[in-house]
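**Q** If you scroll down you'll find the structure; I have some questions about it.
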């Protein structure tokens with residue numbers, strides 16, 4: 001992997017890397033925040049952050065205000081891009097923001113032409129952590145969080161890999177993608193029309209069938225413009241009630257879908273993950 | 001003034017307004033952060049933030065991570081745009097980033113064609129505060145800060161108006177614009193070739209002749225790519241030594257010119273201003 005930029009921040013380092021990814025068969029960019037004193041002798045655990053539609057590795061690092069507490073806690077943050085990228089990567093026919101580039105939905109596509117490059121589930125769960133753990137001063141302890149499409153990705157990944165991630169959280173996640181326009185478009189195109197194939201990427205369905213427990217924390221704003229049509233967090237509550245899963249869903253009066261909402265509550269999520277990562 | 005967007009953030013509100021400005025003779029956009037509980041009955045003091053080249057009202061609000069502490073302190077923040085805007089506003093002939101649109105340099109231009117709209121000094125010191133104080137739940141107590149070109153603007157405005165601002169601070173300011181390429185281009189075009197006209201917009205020169213004291217705090221990164229050629233903070237130290245001005249210049253090893261640097265130290269600046277605004 002190749003370092004493409006570095007900024008000192010809160011005593012630590014914000015790093016951006018490029019690498020040729022075998023899962024997505026293209027060059028991928030990701031960002032890392034390394035807290036002060038992270039070293040091969042003193043590696044730190046990692047919070048993976050998955051961003052939402054249209055985002056890259058940069059939105060969270062620039063806008064979430066997470067580095068201050070991550071620096072104090074001694075937690076690394078890794079933020080991948082939201083899809084494969086490049087001139088040869090197929091995109092939505094109409095260039096829509098909700099499918100294709102910037103909208104990988106954290107699935108392994110099975111349908112042509114998407115299946116060649118759109119393998120974001122494998123990239124995020126396998127290739128990227130292996131690369132990070134082999135090359136940066138981090139432990140193999142992982143937590144995961146994300147926003148909107150990335151909240152969906154984080155919840156799906158945490159629920160399907162409870163032994164690989166100690167905790168999972170989400171802001172404004174697409175909770176039941178089988179039952180909303182964004183999810184139906186993405187899952188239908190990437191996975192095909194057989195809806196049984198969608199279930200392993202649907203948090204509400206995974207949660208209803210969960211046999212392993214993983215700590216779950218979800219934040220949602222009441223004035224989120226996508227709440228009723230796309231996000232449907234009540235589907236998580238209904239699903240969790242069917243199992244022993246401990247889900248905390250915090251509703252916040254007046255907050256919207258923006259990074260101002262994430263910034264307002266990111267410290268609570270960092271502290272939640274830090275507790276499960278043994279940092280506090 | 002017309003509200004164009006609103007986000008809840010840290011219990012307060014991030015607001016963006018448009019208005020027809022008489023100083024710049026065009027529509028201007030500015031952003032405000034109002035902390036929780038700010039009301040006509042309980043108005044709060046204001047920190048003005050002036051951004052650097054290419055920025056708008058949005059960079060600071062999205063990237064500085066200032067809202068959390070501003071919320072706790074009960075301090076409003078107002079961030080104007082960095083120049084007049086619009087299709088009819090003259091711009092650099094080559095569309096360069098360092099002059100014209102996004103580069104008003106916080107001066108009142110005297111030279112055609114710039115003098116019709118490029119009146120950012122009067123806009124920031126007179127028109128905008130009057131508008132804000134007449135329409136929002138704020139007091140007339142003001143502090144001012146900024147970054148790069150905006151650090152220059154904040155220092156100039158504070159030094160020239162020590163009775164209107166209780167304290168002034170800057171990140172990576174253009175400290176001696178008469179003696180650097182960015183400043184010479186901007187001041188030469190906006191004010192003409194008579195360099196004696198530049199002095200009232202040159203912090204190092206204003207500071208050397210300062211008769212009124214105002215608390216000054218300056219932050220500078222040692223790896224700032226513009227440090228030696230454009231910023232020259234040592235000119236501030238030399239000038240302050242000639243007077244009784246109390247200048248604190250903090251150099252930070254390894255930090256660059258980015259918002260990651262600002263975010264790393266913005267809380268110290270908010271606390272500095274809060275002390276002078278009587279909030280702590």
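Note that Cβ sites are derived from N, Cα and C of the backbone, with glycine treated the same way.
Per TrEMBL, the features are:
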| type | residues | note |
| --- | --- | --- |
| ACT_SITE | A:148 | active site, charge relay system |
| ACT_SITE | A:224 | active site, charge relay system |
| ACT_SITE | A:257 | active site, charge relay system |
**Q** Specify the count of other C-beta atoms within 10 Å of the C-beta of residue A:148 (active site, charge relay system).
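**A** Counting Cβ neighbours of residue A:148 (active site, charge relay system) within 10 Å gives 25.
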**Q** How many whole Å apart are the CA atoms of residue A:224 (active site, charge relay system) and residue A:257 (active site, charge relay system)?
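**A** Just about 5 Å between their Cα atoms.
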**Q** Which whole-number value in Å describes the distance between the Cα atoms of residue A:148 (active site, charge relay system) and residue A:257 (active site, charge relay system)?
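**A** Cα of residue A:148 (active site, charge relay system) to Cα of residue A:257 (active site, charge relay system) measures 8 Å after rounding.
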**Q** Could you list the residues of the same chain, at least six apart in sequence, whose Cβ is under 8 A from the Cβ of residue A:257 (active site, charge relay system)?
**A** A:148, A:172, A:221, A:224, A:225, A:226
**Q** Give me the count of other Cβ atoms within 10 A of the Cβ belonging to residue A:224 (active site, charge relay system).
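**A** Total other Cβ atoms inside 10 Å, all chains included: 21.
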